[in-house]
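Asks: What follows is a single structure, and I will ask about it in a moment.
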Amino acid sequence: MRRPMVAGNWKMHGTRASVAELTKGLSNLALPSGVEVAVFPPALFINQVIDGLAGKEITVGAQNSAVQPEQGALTGEVAPEQLVEAGCKLVLIGHSERRQIIGETDEVLNRKFAAAQAKGLKPVLCIGETLEEREAGKTLEVVGRQLSSIIEAFGVKAFADAVIAYEPVWAIGTGLTATPQQAQDVHAAIRGQLAAEDAEVAAKVQLLYGGSVKAANAAELFGMPDIDGGLIGGASLNADEFGAICRAAGN
């Protein structure tokens, strides 16, 4: 049985004061025991959040990590070993904003994925299509290619210690949301692609949906058989809203 997971991606939001307030709100939440809860603050605030959530069953992750496992001469980057030392357990790899705006390629993301795993940092691989790709009927082709990039480089068993988040780019921060059935169809295809390589890995990997998930639509999305939780953007910046989404996953 796959454990539900709700992960909050804070993106490039926060000041010391607002992060302290949000962290306090999260620490006061009554979270369902059966749900794995994680937050991904900006790198500058990782230590502050870890300290603020001490004793709380909330995992802290990073939004990005370097292409090499160890510290070294790579200006502006943070190495997986440094993130692990700080207390991170997870890292987002390939979020659409990094693919689309920063220009990260599958090759770069493969290196980041491997570097993270080499230091015991669990990757959350983000995959998804743009509106143009969906309208052209290329959703499964695009998602399949992004998934295959990792499988071809490292084998499907790389996903035995990873999470996959499907995030249709057109639904991120737009207020648009894939219908539960649209999301389920893609999640089923992802699990099917993995199962063609290794049924055991496919059955165990957590598949999250990301794309304007809110308390109002979370229960319906999470009720789908291949949706194991959510990667939450804007709604994760409100502790009460995030708590409601976590409870929806617990139900």
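For all residues, glycine too, the Cβ spot is worked out from N, Cα and C.
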Asks: Suppose a student reads Swiss-Prot and sees ASN9, TRP10, LYS11, SER212, GLY233, GLY234 listed for substrate. Which of GLY34, GLY52, GLY55, GLY173 should they find annotated at that same site?
Replies: GLY173
Asks: Given the binding-site residues GLY173, GLY233, GLY234, and counting only Cβ atoms in the protein chains shown, which has the most within 10 Å of its Cβ?
Replies: GLY233
Asks: Of all the Cα pairs drawn from ASN9, TRP10, LYS11, GLY173, SER212, GLY233, GLY234, the residues the record ties to substrate, which distance is largest, in Å?
Replies: 14
Asks: Looking at the binding-site residues ASN9, SER212, which sits with the largest number of other Cβ atoms within 10 Å of its Cβ?
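Replies: The residue with the most neighbouring Cβ atoms within 10 Å is ASN9.
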Asks: Can you name every residue in this chain, apart from ASN9, TRP10, LYS11, GLY173, SER212, GLY233, GLY234, with its Cβ inside 8 Å of the center of the Cβ atoms of the recorded substrate site?
Replies: ILE172, ILE232, ALA235, SER236, LEU237
Asks: Provide the three-state secondary structure of ASN9 (substrate binding site) computed with DSSP.
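Replies: Its secondary structure by DSSP: strand.
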